[in-house]
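Undergrad: Mind looking over this structure? Questions follow.
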């Protein structure tokens, strides 16, 4: 695997592959990789001639009181994992490489990006959309791979690509989970032993939402209320977002019918924010209907 830190060198390296007619897949990350990231790499490796992974902790998507300085980093470990995963090129620029001057241009998807997680992290998704657009411009991939764990982010990127006619296929990859169901995340390392134990309630809260839907509850507000009550059973859990939405538009709706439903959770444990979600098809919910 070749590690590249400058835009010019990366463009030169990719030009050779383009001239040879090879397809390029991009896996954008902020590093400190886990098995969820490696599933993105596995998908990219199986679907492209050349795989580029990027590691860049993007300051534009961190708020003033967020964990930019503390975000976990271990480039040597990440390089080893990516090499073992069959990545051809690692693009690992510094902030001065990506943003040599203060950014005057921002890409924003304001409607999708201002609700749910965006409501408690203002500006976050504009930072995500801006850096992803810049990576797309630099790499010009045929396909780009994102985890479904960050479902709102995935839908924002899909809408951005559609609106701007960016020539890339966005591939969503199902969430990879730990043994107790907790979604794999680089931020899981922040959890204390007690917080990690408590965090298992997050996937169980998704189970509770699915059980309620299977039992015939059709009012989103009632399901949200009961999921909040379920989370209240864990004293260390501080839910910030519990929302049922349309999985395509992320908009609220009046009543559950036969269409798929997105349940999205944003829960704090101490200083750590955990995201999770599930798309539930009411007619095929995994839990037996309650009489």
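In case you wondered, yes, glycine gets a Cβ from its N, Cα and C as well.
Pulled these features from Swiss-Prot for this protein:
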type: ACT_SITE; residues: 37; note: active site, proton donor
type: BINDING; residues: 30-37, 147-150, 176, 184-187; note: ATP binding site
type: BINDING; residues: 61, 153; note: (R)-pantoate binding site
type: BINDING; residues: 61; note: beta-alanine binding site
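What does the local environment look like for each feature on the list?
TA: Take the CB of residue 37 (active site, proton donor) and look out to 10 A: across all protein chains shown you find 26 other CB atoms.
Cβ neighbours of residue 36 (ATP binding site) (same chain, under 8 Å, six or more residues apart in sequence): 147, 149, 175, 176, 183, 184, 185.
Residue 61 ((R)-pantoate binding site): 21 other CB atoms within 10 A of its CB, across all protein chains.
In this structure, residue 61 ((R)-pantoate binding site) is part of a helix by DSSP.
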Undergrad: What Cα-Cα separation, expressed in whole Å, is found between residue 37 (active site, proton donor) and residue 153 ((R)-pantoate binding site)?
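TA: Between the alpha carbons of residue 37 (active site, proton donor) and residue 153 ((R)-pantoate binding site) there are 15 Å.
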Undergrad: Return the residue, from the listed binding-site residues 30, 33, 176, with the maximum count of other C-beta atoms within 10 angstroms of its C-beta.
TA: 33
Undergrad: For residue 153 ((R)-pantoate binding site), what is the tally of other C-beta atoms lying within 10 angstroms of its C-beta?
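TA: Summing over all protein chains shown, residue 153 ((R)-pantoate binding site) has 23 other Cβ atoms within 10 Å.
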Undergrad: State the count of C-beta atoms found within 10 angstroms of the C-beta of residue 186 (ATP binding site), not counting that atom itself.
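TA: By my count, 17.
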